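Written below as structure tokens is the structure these notes are about.
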Amino acid sequence: MIAQVIVDIAAKQTDRIFEYHVPDELADIEIGSRVYVPFGPRKLQGFVVGLTDSSEYKGELKDLLLVVDEMPPLTKELVQLSDDLSKDIFSYRISILKAMLPSVMRANYHKILQPADEQAANLPIFQGDPLDLNQAMDPKLAGQVRKLLANKQAKVEYIIENRAKSKTENQYELLVDKDEYIKIYNTLRQNAVKQKQLLMDVIENFDQYPKRQKQLEQDAQVNGATLTNAVKRGWLKKNEVEVYRDPLKDESNFVAKKIELNLQQQDALSKISQSILQTENKTFLLEGITGSGKTEVYLHAIARTLDFGKTALMLVPEISLTPQMVSQVKARFGQEVAVLHSGLSEGERYDEWRKIRQGKTKVVVGARSAIFAPLTNIGLIIIDEEHESSYKQETEPRYHARDVAIWRSNFNHCPLVLGSATPSLASRARAQKNVYQLLTLTQRANKKQLPQVNLIDLKQVQFAGSQFDLSVGLVEAIRNRLEKREQVILMLNRRGFANFMLCRECGFVLKCPNCDLSLTMHKDSQSMQCHYCGYTTQIPYRCPNCQSSQIRFLGTGTQKVQEELLELIPNARILRMDVDTTRRKGSYKKILDSFANHEADILLGTQMIAKGLDFPNVTLVGVVNADTGLWVPDYNSSERTFELLTQVSGRAGRAEKTGEVLIQTYNPEHYAIKLAQTQDYEQFYRYEMRVRHMGNYPPYFYTVLISIASKNEQVAAKEAFKIRRQLQGNLNKDTIILGPTPSAISRLKNQYYYQILVKYKKEDNLNKLLHQIQDDAQGVKKYGLNIYIDKEPERIL
Ligand code: ADP
Ligand code: ZN
Ligand code: ZN
């Protein structure tokens, strides 16, 4: 047998299949297995992507060295997906294959070969210690390792966070039937108290076995010695079983609400259910205003899927949304649920992932990368808040989870549900053309009106304090709510204290030495920080340029607004939620739980508080500055502003009490802000489509962004012009090529960026051409040039 292997080096020369002969001991190898192979003078890891009986290759094939994991980490589906995706997104196949695994399973992690039992541990190869796998790859040793694995005398383990990972526990199994145990019991001496207790538990709770050691010790009131003795006498059999770290253990007390769907929800559900039962690979766009009960529709659809004997995969945007959503899913489906998101420790992630791979869960909830979950028998895929830009990965491999979801829905013949109050223009346009089926929920589930939204024109108002951040109107409204013991959500989409330091003598602005960005002052950590690369320095007291003490800190951030609020409303209890307060694992949940328990009056945060939160006692939502994203020079800045304002407005008045929203802005006439005030998505969609049409932007055109980066600005520019010429000669007349231009932030982490944007309607040759450009880039990489190709970029900055 011959194995086709993709090896673990991301480079053009190696991004293809290499063939190896499979030695007999490894005959149970499967597609999706991870292997060690000889590669030139090196030993590398790789993935088996195919198995054949014959090869075109004339020379003699080398032998595979080793199969790493007991169970192939990737399913056949995922292997095939990696192939199709690599053709579509300009990523090396190996990068995609690795992105499909939890981080602990990627190559650079330390792996050891652990003896399976004491007998094995005494073999010469171990000499009492586990073996470091990365150092065990000379052919002779590899042969031995292979045999050990084949005979189940050893297994491969990962070293995670300095402790051996998969946790195990002892479990005791019964060996004879109940009558036998009664007989044994009757033969015991009077003073064999502990043994009697143990056997009594066996007899009385015969059906509860096998039992875990802890449980058994507790139930029978015996200790380990009694159990060991019982094993020796042949009464019980001891097994080691894996225990999984359980990231959801805190959620298990959440009680599921019984809710009857309203007519609109029922209608949406019945259409989705029909697709589930008919195994149709159909995409639905569930457009429902905030609070219309989309979540309820998802949960019912998942239940139908499970009833139908299939599994369900559900994506939610990054973390901030997860606590409440995960609780709900967990409450309905209990132990069947696995979660995958970056808030978990690496060990927890690995455990969850393994549970899925071993087929022990039926529902997976997770953020972007969960779209690669090794779930099989999928009957439904859901993407909540489908418009979220976090579904697109901004680094290699640059995939969009929505596109991967469509692929998997085709592969599994199952429906895909995209849900949002403010669908992406691209998705809404597809629904318009009946590529997706549109389902709408137009009323709030609790029959409450959407909250009243009022704009506060910052050009015309009085400010409440000494700073120019909070208007009298907004502060009065906050005071008023606090008097009624109601709660307030305040959003300011900027963290830190002040955005920049300006010298009034010489005009100097303090910037990051690595990036073309000003440093942000952080009062709590007494530092100036670059929000891009993390560079940190002390807060200056004099101008670093002219030594003048006439320096000012301008702009605003969450820290400053918190300070101002405390000056204006001294008794207000404020929780701040931004990247700075949520770095530690579990801190999101802590802040949200505390706010839910009314231990604070005001939740002040960046856009991470805009979405998905459901607090019944929140009756006022304030937006400190609606304009932060409006003038970003990107084609979708209006869409993002509209979406953010609509989402955050939806946090108000979700229960009995009526809600109000106050939006502070310098641009009350801008259509994105005006239409967010009436929360009229459909009208925004029509207006914005016209704007996109006039500007030749998506969804009327497809886009590809080519970024060229180098430490040497001229080198980047020169290469960029070369690429432009290459494109120009080969593309259609109606295709638009913009640039090269320096990126809006022209220098990041000491690299200068130039970019070319290609806008096209139909280009049969483009994929090939771009692959060519990417391959050529491998050649110039040596000279410090990097080229990134991003299909349908979320940002063109
Ligand atoms: P969305 O995700 O569309 O913003 P949610 O699913 O969070 O909305 O629902 C908003 C609130 O309405 C939740 O508290 C939910 O429990 C409740 N809800 C949903 N459907 C119904 C229904 N049919 N009847 C009563 N309450 C409902
Ligand atoms: Zn100065
Ligand atoms: Zn920087």
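First residue shown is number 1, and so on along the chain.
Every residue gets a Cβ built from N, Cα and C, even glycine.
Quick caveat, the model's predicted, so the values are computed rather than measured.
Straight from TrEMBL, the features:
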DOMAIN    275-441  domain 'Helicase ATP-binding'
BINDING   Cys503, Cys506, Cys543, Cys546  Zn(2+) 1 binding site
BINDING   Cys512, Cys515, Cys530, Cys533  Zn(2+) 2 binding site
DOMAIN    538-692  domain 'Helicase C-terminal'
Where the C-beta lies under 6 angstroms from ligand 2, the matching binding-site residues among Cys503, Cys506, Cys515, Cys543, Cys546: Cys503, Cys506, Cys543, Cys546
Cα-Cα distance linking Cys506 (Zn(2+) 1 binding site) and Cys530 (Zn(2+) 2 binding site), given in Å to the nearest integer: 22
Cα proximity to Cys506 (Zn(2+) 1 binding site), best match among binding-site residues Cys512, Cys515, Cys533: Cys512
Environment of Cys503, Cys506, Cys543, Cys546, the listed Zn(2+) 1 site - residues of the same chain whose CB lies within 8 A of the CB centroid: Arg504, Glu505, Gly507, Phe508, Pro544, Asn545, Gln547, Ser548, Gln550, Ile551
Cβ within 8 Å of the mean position of the Cβ atoms of Cys512, Cys515, Cys530, Cys533: remaining residues of the chain near Zn(2+) 2: Lys511, Pro513, Asn514, Leu517, Leu519, His531, Tyr532, Gly534, Tyr535, Leu748, Lys749
Other CB atoms, at most 10 A from the CB of Cys533 (Zn(2+) 2 binding site): 15
Most crowded position, judged by CB atoms within 10 A, among Cys506, Cys512, Cys515, Cys530 as binding-site residues: Cys512
For Cys546 (Zn(2+) 1 binding site), nearby residues of its own chain (Cβ under 8 Å, 6 or more apart in sequence): Cys503, Glu505, Cys506, Phe508
Neighbour tally for Cys503 (Zn(2+) 1 binding site), based on other Cβ positions within 10 Å of its Cβ: 21
Average model confidence [pLDDT] within the domain 'Helicase ATP-binding' (275-441): 92
For Cys543 (Zn(2+) 1 binding site), the number of other Cβ atoms found within 10 Å of its own Cβ: 20
Inter-residue C-alpha distance, Cys515 (Zn(2+) 2 binding site) and Cys543 (Zn(2+) 1 binding site) (nearest angstrom): 19
